[in-house]
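Feature annotations, courtesy of TrEMBL:
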type: BINDING; residues: Ser20, Pro21, Ser22, Gly23, Ala24, Gly25, Lys26, Thr27; note: ATP binding site
type: DOMAIN; residues: 13-192; note: domain 'Guanylate kinase-like'
Amino acid sequence: MDQPRTDRLHRRGLMFILSSPSGAGKTTISRMLLAADEEIKLSVSVTTRPPRPGEVDGVHYYFVDDAEFDKLVEEDDFYEWAHVFGFRYGTPKGHIRAALKEGQDFLFDIDWQGTQQLFQKDQQDVVRVFILPPSIDELRRRLESRATDDVSVIDARMERARSEISHWDAYDYVVINGDVDECFAKVREILHAERMKRQRQTGLIGFVRELTS
Ligand SMILES: Nc1nc2c(ncn2[C@@H]2O[C@H](COP(=O)(O)OP(=O)(O)O)[C@@H](O)[C@H]2O)c(=O)[nH]1
Ligand SMILES: Nc1ncnc2c1ncn2[C@@H]1O[C@H](COP(=O)(O)OP(=O)(O)O)[C@@H](O)[C@H]1O
């Protein structure tokens, strides 16, 4: 029997967005996904927030000062950018569009404002996933256990969590992060299923034509 060649068909890449209130676990899930899946690459954001311990410039974020950020805005180098927690965060355009066409998937860890902007610009490629904490008390526990922010910062993030959660219905998928492995498995299933969407499988047309000729 001929080897089926369906796994070699070309498809468009997708823009896989993970958002959540701070502390719900999107960074954790993002890192698990990037470690487990070779086909997806992180879109590294630019931020004016100072690095946390362990964060590496160019890997987790590009850390810049206000003047550098202003320059990037002026030069129209961002797909989108937003104010979050008193700092600015932006998605650099880079070569995302061309890479999507070549079949490269990108992971975005961005907030609801950035999600809206990316969706307006590129509905066909965007997949929006929102992660919820299992409870508000657990959200605070996670922010405290991460131990990267002082109490006033944690309070501000908790204050903002309610308004962030109110945007849950602007997402395609919502996953509750109770058990981290379960949450990860669900997010991975979403990614796998989205890759199989007919509209993304641009190589199907030729394949079906061959099958039916
Ligand atoms: N709009 C937008 N939001 C971003 C971007 N990068 C990060 N964010 C969001 O900014 C918020 C704060 O991020 P961060 O300071 O790393 O703290 P975290 O919430 O604990 O991950 C999170 O909601 C991120 O998803 C970006 O490029 N654009
Ligand atoms: N399902 C989970 N159960 C327990 N702790 C978790 C879970 N998911 C994430 N955490 C922990 O909660 C803290 C916040 O997670 P993080 O991924 O940094 O959140 P976010 O990126 O959404 O701000 C981290 O210390 C992380 O290890």
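Positions of Cβ are set from backbone N, Cα and C atoms, glycine also.
Here the features listed in TrEMBL are placed on the structure.
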{"residue": "Ser20", "record": "ATP binding site", "contacts (Cβ under 8 Å, 6+ apart)": "Lys26, Phe130, Ile131, Leu132, Pro133, Glu164, Asn177"}
{"residue": "Pro21", "record": "ATP binding site", "contacts (Cβ under 8 Å, 6+ apart)": "Leu132, Pro133, Leu139, Arg157, Arg160, Ala161, Glu164, Ile165"}
{"residue": "Ser22", "record": "ATP binding site", "contacts (Cβ under 8 Å, 6+ apart)": "Phe85, Leu143, Arg157, Arg160, Ala161, Glu164"}
{"residue": "Gly23", "record": "ATP binding site", "contacts (Cβ under 8 Å, 6+ apart)": "Pro133, Leu139, Arg140, Arg142, Leu143, Arg146, Arg157, Ala161"}
{"residue": "Ala24", "record": "ATP binding site", "contacts (Cβ under 8 Å, 6+ apart)": "Ile131, Leu132, Pro133, Leu139, Arg142, Asn177"}
{"residue": "Gly25", "record": "ATP binding site", "contacts (Cβ under 8 Å, 6+ apart)": "Ile131, Pro133, Arg142, Asn177, Val180, Cys183"}
{"residue": "Thr27", "record": "ATP binding site", "contacts (Cβ under 8 Å, 6+ apart)": "Asp109"}
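Proximity to ligand 1 at the level of Cβ atoms, with a cut-off under 6 angstroms, picks out Ser22, Thr27 from the binding-site residues Ser20, Pro21, Ser22, Ala24, Thr27. Looking just at the domain 'Guanylate kinase-like' (13-192), the mean pLDDT is 94.
Mapped onto three states, the DSSP output places Ser22 (ATP binding site) in coil. Taking the mean position of the Cβ atoms of Ser20, Pro21, Ser22, Gly23, Ala24, Gly25, Lys26, Thr27 as the ATP site, the remaining residues of that chain whose Cβ falls within 8 Å of it are Ile131, Pro133, Leu139, Arg142, Asn177.
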